[in-house]
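Student: This is the structure I want to talk about, given as structure tokens.
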Amino acid sequence: MEPLMALAIGLLYATAIFMMLRRSIVKLVIGLLLLSNGANLLIFTTAGMTRGAPPLIPEGMMQPLGDVADPLPQAVVLTAIVIAFGVLAFAVVLIRRAYEIVKADDLDKMKDTDT
Amino acid sequence: MQFAVLMGFVLAASSPLLNRWFGERTSLLLALFPALIAGWLLSQAPLVFSEGPQLLEWEWVPSLGISLTFLLDGLSLLFGLLITVIGTCVLIYAGGYLKGHHDIARFHLALVAFMASMLGLVLADGLLTLFIFWELTSITSYLLIGFNHTDIEARKSARQGLFVTVAGGLALMAGLVLLGVASGSWSLYEILQSDDDLRQHALYTPLLICLLLGAFTKSAQFPFHFWLPNAMAAPTPVSAYLHSATMVKAGIYLLARLQPELGGTGMWVTVLSVVGATTMLTGAFLAIHHTNIKKLLAYSTIMALGTLTMLLGIGSDYAMTAFVTFLLAHSMYKGALFMVAGILDHETGTKDVTAMGGLRSVMPVTAVIAFIAALSLSGMPPLFGFIGKELMLEAALGAERVQLLLVLFAFLAAILTIAVAAVIALRPFYGARHETPKTPHEAPLSMLIGPGLLAFGSLALGLAPAMLGADAMLTSAATAVSGGALPVSLSLWYGVNVALIMSVVSLILGFLLFKRWDSVRGQLARLAPVMRYGPEAGYEGLMNGIVRFSEWQTRLLQNGYMRNYILVMLVVLIALIGNSILLRHSPQLALTLDVRFHEVIVVATMAMGALFATISRSRLGAVVSVGIMGFSIALIFILFSAPDLGITQLLVETMTVILLVLVLFRLPRFSNLSTNLERIRDGSVAATMGVLIFLLIMTAWSIDQFETISTYMVENSAPLAHGRNIVNVILVDYRALDTLGEMFVLALAAIGVIAMLKLRHGETEGKAVDGEKASVKEPYDG
């Protein structure tokens, strides 16, 4: 499974970077979104992928049954998902605001500090 | 001693206040400080003479083993006395010279701070303490050269002096660290006492090169001599003090200090003698080009500094005796001559000696002082300078290496120096009176005390060196420099020998040169086109080059195009990571594909979503594709044992899509702004990065550097943290602070979003009132 995921993550990164290199600001946002998902999957995958063994402890027991998936990367990714959303919301509003003021959707036209 | 040095800085800091309270008497008051220290040093002298070096230790940062230790031996005593005695003279003199200057407080501040730094430098025992004081002298020197900060030349010269000495300071730091590593001690005293022979050490050559660079730049040795004449932009008391008597001798001091430990090798002897002799001749030769009295003196100072370096290089007992004698003699007469130059400038309003003449009648005292000091400079008996010069010639005659060159250079330099001395002593005071910008009067007493003391000191020491304790002082200093006992017994008459004959011949030739000085100068002016290609041109070229280079690279790297920044970062990243992966780890590409059909479908859907988001030509299409990708990821999380992640991803993805759809139509349309070529370039960078990430993941599995910490978390989740969902326990318990931070980030993002939305409302209203563009803007409803 992991090699397949590795390929998919590589693709996510490639698409994300391609979009971030565009001059259109909306494409930049899409690139940001793709990149954060790629990074989340990267962390998730590098810890190893386990089927059907969530890190839960059954009622009345002190240890989980058998080997479970590594909980640490899951916790890290969980944090990352939420943060990525916060960043995205901020970026979207920022870009909208910039567009309103500069009236340009071309990043190259936003290179001056004065508008 | 620590007290004295630190007190100096306190005094410097309080000098603006003192100036406010005491007005014009502040100079005299401040002069008490070096005078008191000089007294203290003298009181310590018998102890040093009889019992050798004294260590004064003061714990500074005991936990780090850093202590502020001062070392008082013959050499530091001699330097300390020079600094304090000449410092006293200069402070009194400055009171007259800068009388009524609106910025005299700033002058006092920098000068007293310099004095304290210089004292610290020559008394420091720790290598790093020495370095700190060394740099402090560079900085205070910078402030003093640039004292007239409204003058562009002064600022330029100050910067030049700073660049040259601080660049040397960097080398010095490296050299001192190497010295500390090589010797295993950071204390000069211990290094000098230890039996280890550093000359045999593997680091000897690099550390010597670094130390020499530091010393040569500070002491204006060829080819770094050019900053010193430019430093004459400073007020004359500064030139007299820093740029002749004390600071420029810091490099010499360092070399003398380390001579017992590092000196005597072939490299040391050759480099120091040749560089010293070259500097000596260059300084003397360039001096006679100039008619500006301060430049004349500056070049003659370079000549003296070269002489001192040469003597250290020769390294014989004779040379050491000559070194300490010449050092003392030079500091005294050169200090006096600079102050005379200041008096002439102050009274006549010009620095050009050819514009002065016949001042003897109006300024008799100054004329006498100048005459005595210049006699000492030219090395005439019975002055102290004569003894110094005789010993110097004798030492050059006795040199073991490159003897012929040294003797020739020393002889030529002596002729030129005599001409310079004659120009200074005779030209302004004899001959016909010239009209000068100001009508000259005799200088006030405060300006005559300092130079007078130094000039008559030269005379007294020459007449009776033994009586005045100079012998004992110089014995102690020479002992410190040579590393073994070296009794010095000076006298004016050593009998008729080669050195004396050379002296007499150079005297005659020098006087002839003085007589024909005006025409010689005319001849020399023809050399001007060649002289332009000196080391200073190299310095200018380097500086301009640095500026041009930084302009070029700023234009290249800081061009304001975000995609260029990203591209640069990516290319660097690809080069670094790719290099590391390919060279140091061979990625495991043995694909063991253990996949189920539905998993392949989910991953493929996700990949399709991402791809389609990239190629879609409409905003809505891209958002839908991104949504599909996000939901597929949620499925992957759920399939692979991460239910919490799956739930969160589902929620967040839903909100993302809603957010994008809501805002989407207020955003600009997708536009194709790039050319095909740019797209191919970006595409290949992106594809390379994708491949790299793939390889990175494949490599990551094969590397297991640390034991996982999640075992502990799994084992203790229920017993200690009382939670059954281990991921949740990690978030709220083990890594609770992370989660708190996350909440802060979200709160900040939310505040940012609100702020930007609110801001927009305010602006719309404001614009609506102005009636400008209000109709263009759509009202915001979300």
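Here the Cβ of each residue, glycine as well, is placed from N, Cα and C on the backbone.
Whatever TrEMBL says is automated annotation, not expert-curated.
So TrEMBL lists these for the protein:
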DOMAIN    B:61-107  domain 'NADH-Ubiquinone oxidoreductase (complex I) chain 5 N-terminal'
DOMAIN    B:124-409  domain 'NADH:quinone oxidoreductase/Mrp antiporter transmembrane'
DOMAIN    B:605-669  domain 'MrpA C-terminal/MbhD'
DOMAIN    B:678-758  domain 'MrpA C-terminal/MbhE'
TRANSMEM  B:74-95  transmembrane segment
TRANSMEM  B:130-150  transmembrane segment
TRANSMEM  B:162-189  transmembrane segment
TRANSMEM  B:201-217  transmembrane segment
TRANSMEM  B:238-256  transmembrane segment
TRANSMEM  B:268-289  transmembrane segment
TRANSMEM  B:365-384  transmembrane segment
TRANSMEM  B:404-426  transmembrane segment
TRANSMEM  B:447-470  transmembrane segment
TRANSMEM  B:490-514  transmembrane segment
TRANSMEM  B:595-613  transmembrane segment
TRANSMEM  B:646-665  transmembrane segment
Student: Check the transmembrane segment (B:447-470) against the transmembrane segment (B:365-384) for contact, please; criterion is three or more CB pairs under 8 Å, pairs 6 or more apart in sequence.
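Tutor: Yes, these stretches are in contact.
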Student: DSSP helix, strand and coil counts for the domain 'MrpA C-terminal/MbhE' (B:678-758)?
Tutor: 64 helix, 1 strand, 16 coil
Student: So if I exclude everything within five residues of the ends of the transmembrane segment (B:130-150), which remaining residues of that chain have a CB under 8 angstroms from its CBs? That is, six or more out.
Tutor: 103, 106-107, 110-111, 113-114, 117-118, 120-121, 124, 157-159, 161-162, 165-166, 169, 172-173, 176, 188, 214, 218, 231, 233-235, 238, 242-243, 247, 250, 254
Student: Determine which recorded stretch among B:74-95, B:268-289, B:365-384, B:595-613, B:646-665 has the most C-beta pairs below 8 angstroms with the transmembrane segment (B:490-514).
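Tutor: When the Cβ pairs under 8 Å are tallied, B:365-384 comes out ahead.
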Student: Of the stretches B:74-95, B:162-189, B:238-256, B:268-289, B:595-613, which racks up the most C-beta pairs under 8 Å with the transmembrane segment (B:404-426)?
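Tutor: That would be B:268-289.
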Student: Counting only residues 6 or more past its boundaries, what in the same chain has a CB within less than 8 Å of a CB in the transmembrane segment (B:365-384)?
Tutor: 300, 325, 328-329, 332-334, 336-337, 340, 343-344, 359, 390, 414, 417-418, 420-422, 424-425, 428-429, 442-443, 448, 451-452, 454-459, 461-463, 465, 492, 503, 507, 510
Student: Mean pLDDT, the domain 'MrpA C-terminal/MbhD' (B:605-669)?
Tutor: 90
